[in-house]
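Features reported for this protein in TrEMBL:
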DOMAIN    94-206  domain 'Phosphatidic acid phosphatase type 2/haloperoxidase'
DOMAIN    317-434  domain 'Phosphatidic acid phosphatase type 2/haloperoxidase'
TRANSMEM  12-33  transmembrane segment
TRANSMEM  58-75  transmembrane segment
TRANSMEM  95-115  transmembrane segment
TRANSMEM  143-162  transmembrane segment
TRANSMEM  167-185  transmembrane segment
TRANSMEM  191-209  transmembrane segment
TRANSMEM  230-259  transmembrane segment
TRANSMEM  279-301  transmembrane segment
TRANSMEM  313-333  transmembrane segment
TRANSMEM  369-387  transmembrane segment
TRANSMEM  392-410  transmembrane segment
TRANSMEM  416-437  transmembrane segment
Amino acid sequence: VIKNLKIEFSIFGILLLSILLSDNIDISLYKIFNDFCNSPNNRYFKEFFINITELGNSLWYFLIALIFFVFSFFIKKKTNKKYEIFYKKLKIDSIFFFLAMVVTGVLTQIIKHALGRPRPNYSIIENNLEFDFFSLNSSFHSFPSGHTSTIFVVALCFSLLLPKIRYFFIFFASIIAFSRVVVGAHFFTDIIGGIVVAYIGFKITIFLFNKLNIESPLSNLKKLNSNHVFLALLIFFIIVLFLAIGSSIDIYISSLFYLGKQKFVLQSYFILTVIFRKIFIPLIVLYLMVLPIISIFLPIEKFYFNSKLKSKEVWFIFGSVFFNLLIFVNLILKNMWGRARPNDILQLGGKESFSPWFELSNACNTNCSFVSGDAAVGFSLIILFFITKNKIFFWGSLVAGFSIGLIRILEGGHFFSDVIMSGLIVYLLTSVQFYFFKKKYAD
């Protein structure tokens, strides 16, 4: 196991040597981040990180591992062998997940207590940068960051399960790790140290499993890993979770495009806005609801990349898009949620109160901010991926949805969460609808 950890030990040794010799770089970086985050313009940026830093608490993930283990152990076993294999795998994976966090956590705490590095908020206030070796005082438990080592070992476990989106797991873990610098709990090198410890703990856990001849843990979920829609939904869900816990980031993102005097970067009469809202969106609607009907009578397969749409598929597309966009998004959500648009909230020159995406409000009566109806049109192209299995429609739906959503954010017409939730809702609704459609008309 030592041979497999040469890189990690080398990086850790260099980090340890650097912080013992000098704190100048760390102190400089801390002051830069601190000045940036304490600026009045970045108030909501800092508030976001203060809220999401709790996602690095190991208690949540120990609880998740325990729930999965109990579920796999006590759930009534199915006679079908497929379910027996599933429960066995779930049990092994939950044990590995739990053990990886234990090993990483123990390593982190040993180093924290042995090294006794003062935390930045203590160092600055007390003007004391001296190490207190083998200290029990939590003010001297800065290196390495425990929240960082926890969230990174969690990200590594999920990366084994779903390697196609491993970079997203690492990215989300990095955001939580960075929050520890923002809240003043750690220096930048503490974060790097936490990441290295997570890799060491992860590899040691794999070594222990191999030594004990336990079946390979966290093996790739091939079926789910190749399911583009599932992976997209999972990423949407993680982003939505971040936006629920740190809802102030919505205000911060919109404020980046606010010019003052109730004006945003884009106006409704700008050429770019007109192209997207008056031309691009209607064309997508025609492409989804009119052209498929015409394809029943005329050979226009080239418009759908040589995919021939059956009559039942055409009417399924029409019905699904009609329900998702007109009824669910526009009639129900936009008229019932009551969320004020960015250009209407007090923080951006308006008169209404801001409300997070998950909260019902009375700040708006009709055609409100939640969710983005325009972005939902772009995301609706996903239905053609379900029908044709052509990946161009999957990527096209993401590009169209996010492009239109970005235009609406730049206009001050929608929050970032409005766009993300429109994608999540459209993908989820279409997935459920297609499941029943496929079940009914299975060949």
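Every residue, even glycine, has its Cβ placed from backbone N, Cα and C.
Annotations in TrEMBL come from automatic prediction, not curation.
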Paired segments the transmembrane segment (58-75) and the transmembrane segment (12-33) in contact, 3+ CB pairs under 8 A:
no
Among 12-33, 279-301, 369-387, 392-410, point out the range having the most Cβ pairs under 8 angstroms from the transmembrane segment (167-185).
12-33
Is the transmembrane segment (392-410) in contact with the transmembrane segment (230-259), using three or more Cβ pairs under 8 angstroms as the rule and ignoring pairs under 6 apart in sequence?
yes
Residues of the same chain, at least six outside the transmembrane segment (279-301), with any C-beta under 8 angstroms of its C-beta?
307-309, 311, 313-314, 317-318, 321-322, 374, 377-378, 380-381, 383-384, 400, 404
May I ask you to check whether the transmembrane segment (313-333) and the transmembrane segment (392-410) make contact, with contact taken as at least three Cβ pairs under 8 Å and only pairs 6 or more apart in sequence counted?
no
